[in-house]
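The feature transmembrane segment is assigned by TrEMBL to 80-104, 124-144, 156-175, 217-238, 250-270, 276-296, 317-338.
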Amino acid sequence: MPHNSYELPSVYSSMGHYQDRNQSDQAILTSTSSPVPSKTNAPIMIAREDDDDYYLERNSTGVDGDSLVVYRDQADHDRWLAWLLLGASFSILFFTVVPVVADIPYVVPSWFSGDTLWRLFDPLFTLPLNLFVMTRATAIMTGGHSNYWGALSEQSVAWLFWCLGAGIFVQGHGVHTAAAMFKHPVQDFNLAHPELVAQYPILQQIYSNMRDLWEHIIAHYMYAFGGMVMSWAHLFAFRNQVHGPLTLGTKIVFALGSLVYGLLLAGIAIEFPDGLYVGLVYSIVIGLVCVAIILFKPNGLRKGGLLTMGRRMVPQFYLGSCVVGLIIVIIWIGIFGFQNRLDAGVAT
């Protein structure tokens with residue numbers, strides 16, 4: 001057989017020299033994102049099968065360029081997700097709290113209140129931010145499992161789930177805005193003509209129907225439920241996803257976002273009629289659901305990454321917010337009982 005008619009085994013180099021076994025093992029380890037010994041002390045964290053922080057040393061002989069690019073891409077992905085979670089939470093809290101604590105002047109006296117104008121902008125910011133969170137999920141980016149639910153892929157199911165929540169959120173927001181706007185002329189008329197109200201009690205019933213039923217109960221719970229469904233869609237889309245280890249800056253943003261969302265949960269519970277009952281149950285139930293997602297889908301992490309800081313970013317984000325919301329609700333109940341803000345006399 002001619003000497004050049006066959007290929008050398010892969011353990012040999014193209015020059016015909018035997019490739020060092022350590023170098024071969026090192027290439028295998030690098031290709032599977034495992035830690036590789038090196039000579040420098042500038043650590044790069046990479047994902048591993050357990051929840052300890054492992055480090056990939058920044059060394060040109062120990063780490064190939066592709067591995068560093070993958071790490072940087074993952075770190076950027078996690079950082080953007082943390083900021084989006086914070087932004088979505090802050091947007092809802094900001095547009096909800098400001099009309100409650102501030103007296104925004106009327107645009108048109110007796111007809112178009114400043115509070116109503118302020119709330120018109122809420123979905124324009126809140127929905128895109130919540131949508132962008134969905135786009136960071138692997139199941140959305142790759143399509144997930146085909147035929148996940150009948151002929152629908154996992155991606156399609158996740159999007160339908162999210163769109164259901166977004167639709168309910170916007171409808172509830174519209175009902176709330178309309179009721180809050182149209183109640184004011186009736187209220188002003190009733191105050192200006194008490195004798196007519198006494199003669200025609202239906203005038204007070206019209207006002208009460210707009211404010212107490214449509215604005216404070218139906219609309220409030222519709223857009224709150226829509227927001228909840230969007231968060232459940234996030235949990236569904238990210239239920240199998242592993243992140244990090246996160247950088248310090250990303251951890252801070254991640255923790256701040258979870259805190260803000262927890263304040264939002266508590267604020268809604270304190271503001272809505274019978275909201276404290278709902279908030280108490282919701283924080284406990286959804287918190288337990290998040291724990292179950294983490295523990296029963298460990299994805300190679302010890303205890304599913306429950307005790308880590310952001311290895312399961314989205315379930316841990318909502319778990320942390322449920323803990324914050326539950327603590328605040330319990331403190332409020334301890335002081336004021338199950339009275340909401342208006343009944344407790346704390347309303348502005």
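Cβ coordinates are placed from backbone N, Cα and C, and glycine is handled just like the others.
Simply put, out of 80-104, 124-144, 156-175, 250-270, 317-338, 317-338 has the most Cβ pairs sitting under 8 Å from the transmembrane segment (276-296). For the transmembrane segment (217-238), same-chain residues at least 6 beyond its ends with a Cβ under 8 Å from one of its own Cβ atoms are 92, 126, 130, 133-134, 137, 139-140, 157-158, 161-162, 164-173, 175-176, 179, 268, 271-273, 282, 289-290, 293, 312-315, 318. With a cut-off of 8 Å between Cβ atoms, the residues of this chain six or more beyond the transmembrane segment (317-338) that come close are 85, 89, 231, 234-235, 254-255, 257-259, 261-266, 269-270, 274, 276-277, 279-280, 282-284, 286-287, 290-291, 294, 344, 346.
Of the recorded ranges 80-104, 124-144, 156-175, the transmembrane segment (250-270) has the largest number of C-beta contacts under 8 angstroms with 80-104. Outside the transmembrane segment (80-104), and at least 6 residues removed from its termini, the chain residues within Cβ reach (under 8 Å) are 113-115, 117-119, 121-122, 125-126, 129-130, 132-133, 136, 227, 243, 246, 250, 253-254, 256-258, 260-261, 263-264, 267-268, 271, 310, 313-314, 317, 321, 348.
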